[in-house]
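Engineer: Attaching a single structure in C-alpha cells format; questions to follow.
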Amino acid sequence: MLPDCLSAEGELRCRRLLAGATARLRARPASAAVLVPLCSVRGVPALLYTLRSSRLTGRHKGDVSFPGGKCDPADQDVVHTALRETREELGLAVPEEHVWGLLRPVYDPQKATVVPVLAGVGPLDPQSLRPNSEEVDEVFALPLAHLLQTQNQGYTHFCRGGHFRYTLPVFLHGPHRVWGLTAVITEFALQLLAPGTYQPRLAGLTCSGAEGLARPKQPLASPCQASSTPGLNKGL
C-alpha cells in the first residue's frame, strides 16, 4: 500500500530521516546537484522528470533526468544549485523551505559528485510549465504507484568486452525509460517515500536515512547474461 507521503506527517517523517545527512552534505563541496521534485498531479503523488534536449552536446543529450546541473561559484550550496537550475530549466521557482533534505550523493562516470535534493513542490500540471527549449525537450511526471509496480522495474547489466562492470536499476513503461543515475536517484527516493513497499535488489543502493527501511532482495544473477534473466535489460 502506498503511504501518504504528501501528508504533513509523511513530510515530517522524511525530513527527520534526512536531517543528519542533510546537515553533513550541505557543508561539503560537490560538482553538481539535481532537484527531485515530489509533486501532486491531479491528486496523485508523482516525481517530475525532464527529457534533456537532443540539441545539447555530450553523452547525456536526450536522456531522462531530474532538473539540475553543475554547481556555480556563486551558489551558496548544493540546495541553491538545484533550485537555481530548476528555475532556469523549467521556470519553476521552488522556495527553499520546500526542500525536505538531501539524498545520498551519486557519482557520474567521471567520478563527479552529484547531490540529489528532495523537495515537495505541491500540486502541479507538467504541461503548464514552460521549459527552456535549449536545455529541455519535454517535462513529464511518473506516479509513485507506477514506479512501485514490479512490472515497471528492471535492471541493466553494463558489460564491456564480455566482462561485467556494474548493474543499475531502470524504470520502464512510462513516456520514456528512466535509467542511469536518474534511476538510482529514483530508487533512493522510493526507499524513503514508500518504506516497506519498494524493495531494492541491489546491495549498496540504499538511501541515507533509509538504511533500516529497505532490505535488498536476492542479488541478481548472471551479470553478463542479462538476456537470460527475466525482467532485466542488457546494457552495453
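Cβ from N, Cα, C; glycine included.
Swiss-Prot lists E85, E89 with the feature Mg(2+) binding site, giving similarity to another entry as the kind of evidence. The domain 'Nudix hydrolase' annotation in Swiss-Prot covers 25-172. Per Swiss-Prot, N6-succinyllysine is recorded for K70, and the stated evidence type is similarity to another entry. Residues or ranges marked as motif 'Nudix box' in Swiss-Prot: 70-91.
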Engineer: Let's check the environment of E89 (Mg(2+) binding site): how many other CB atoms sit within 10 Å of its CB?
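Structural biologist: Step by step: centre on the Cβ of E89 (Mg(2+) binding site), count other Cβ atoms within 10 Å, giving 24.
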Engineer: Checking distant contacts: for the motif 'Nudix box' (70-91), what same-chain residues at least six beyond its ends satisfy Cβ-Cβ under 8 A?
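Structural biologist: Residues 25-27, 29-35, 37, 50, 99, 102, 115, 117, 119, 129-132, 135-136, 139 contact the motif 'Nudix box' (70-91) from elsewhere in the chain.
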Engineer: Counting only other Cβ atoms and using a 10 Å cut-off, which of the recorded positions K70, E85 scores lowest?
Structural biologist: K70
Engineer: Using DSSP and three states only, what is K70 (N6-succinyllysine)?
Structural biologist: strand
Engineer: Do me a favour and check the Cα-Cα span between the residue listed as 'N6-succinyllysine' and E89 (Mg(2+) binding site); whole Å is fine.
Structural biologist: 13
Engineer: Hey, does DSSP put E85 (Mg(2+) binding site) in a helix, a strand, or just coil?
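Structural biologist: E85 (Mg(2+) binding site) sits in a helix per DSSP.
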Engineer: What are the helix, strand and coil residue counts for the domain 'Nudix hydrolase' (25-172) according to DSSP?
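Structural biologist: Counting residues by DSSP class gives 28 helix, 66 strand, 54 coil.
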